[in-house]
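> Straight out of TrEMBL:
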- B:Tyr155: active site, proton acceptor (ACT_SITE)
- B:Gly12, B:Ala13, B:Ser14, B:Arg15, B:Asn90, B:Tyr155, B:Val156, B:Ala157, B:Ala158, B:Lys159, B:Ile188: NADP(+) binding site (BINDING)
- B:6-186: domain 'Ketoreductase' (DOMAIN)
Amino acid sequence: MADVLERVTKIIVDRLGVEESQINLEASFKDDLGADSLDVVELVMELEDEFSMEISDDDAEKIGTVGDAVNYINSKM
Amino acid sequence: MRLEGKVALVTGASRGIGREIALELAREGADVAVNYSGSEARALETAEEIKKLGRNAIVIQADVSSSESVERMVKETIGAFGKLDILINNAGITKDNLIMRMKESDWDDVININLKGVFLCTKAVTRQMMKQRSGRIINISSIVGVMGNAGQANYVAAKAGVIGLTKTSAKELASRGITVNAVAPGFITTDMTDKLPEEVKAEMLKSIPLAKLGEPADIARTVIFLAGEDSRYITGQTLHVDGGMVM
């Protein structure tokens, strides 16, 4: 679990240029981390690569916060 | 050569304008994935010619109106060449008739291939191009999409739709280094226009200031410009290549 969060955090820091301290499970990509819609699409793409999984468009739409992403990945691993 | 080391995918590249675009891309140094729907022999011929030019080519059968086959086509292209720099949405059909006589299925077929096909192919390549932080998408529209044309409601609606889709894709993808433009050919000599009766052709010539038909090469040269570095500050535009028909 911690490992997933760590890996997700690293991707978010790289992609969005935010501080690690800003990232927590409740943080919303758009509202708290300054991502636009396209950034979120790209984040999901990178998560797919990082965790070698396919995230369907329907599922991707439900991922709004760091916690959503971590929970989704854990549920598929 | 302006496109050395680039990889291009051209839909509907077995004949006509698509074939000429594929060959011109190769002459400029690009490797090309040649998509076709039905004319396998002619697609293979196009690929052979590309190889004679010293470039790599693969041939991919795919129906652009099916998301499954489009995704497979893009995967095969990236699998073969390792990347994808240029997408030419060229595949198109006509099923002309007056609105009063046009069958619903003729409307659907043309919209599905000529408009939905552009959406599906664009969607399928964006992932790769966004990762690369660069890409060129060039949609082949038509001048009738700008001016309307009696007897072609389905085709005109699709081609006008492509212009709107071009502008929207351009806005969505600009921040990732991807440009999207359209080319609107006028009256070009191809299998599609050869079928027109002589008197229709004569009538059309009267409306062309440059007083002659265009050739597939005229479109291909414009596509090369939009696919290369010379056009890097142009996106969301529709270039009319029509001898001045519409100004």
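Glycine is no exception: its Cβ is also placed from the backbone N, Cα and C atoms.
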> Could you give the Cα-Cα distance between B:Asn90 (NADP(+) binding site) and B:Tyr155 (active site, proton acceptor), in whole Å?
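Taking the Cα atoms only, B:Asn90 (NADP(+) binding site) lies 13 Å from B:Tyr155 (active site, proton acceptor).
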> Non-local Cβ contacts of B:Gly12 (NADP(+) binding site) (under 8 Å, 6 or more apart, same chain)?
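Those within reach of B:Gly12 (NADP(+) binding site), by Cβ under 8 Å and sequence separation of 6 or more, are B:Gly18, B:Asn35, B:Tyr36, B:Ser37, B:Val64, B:Asn90, B:Ala91, B:Gly92.
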> Just jot down the residues in the same chain as B:Ala158 (NADP(+) binding site), at least 6 apart in sequence, with C-beta under 8 A of its C-beta; none if empty.
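Counting only residues 6 or more apart in sequence, the Cβ neighbours of B:Ala158 (NADP(+) binding site) under 8 Å are B:Gly92, B:Val110, B:Ile111, B:Asn114, B:Leu115, B:Gly145.
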> Between B:Tyr155 (active site, proton acceptor) and B:Ile188 (NADP(+) binding site), what is the CA-CA distance rounded to a whole number of Å?
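B:Tyr155 (active site, proton acceptor) to B:Ile188 (NADP(+) binding site), Cα-Cα distance: 16 Å.
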> Can you check which residues sit near B:Val156 (NADP(+) binding site), meaning Cβ under 8 Å from its Cβ, same chain, 6 or more apart in sequence, and list them in order?
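B:Ser142, B:Val144, B:Gly145, B:Gly148, B:Asn149 - these are the non-local Cβ neighbours of B:Val156 (NADP(+) binding site), listed in sequence order.
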> Let me check the 10 A CB neighbour count of B:Ser14 (NADP(+) binding site). How many other CB atoms are there?
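By my count, 25.
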> Given the model, what does the mean pLDDT over the domain 'Ketoreductase' (B:6-186) come out as?
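Across the domain 'Ketoreductase' (B:6-186), the average pLDDT comes out at 97.
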> Starting from the Cβ of B:Asn90 (NADP(+) binding site), draw a 10 Å sphere and report how many other Cβ atoms land inside it.
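Looking across every protein chain shown, the total is 27.
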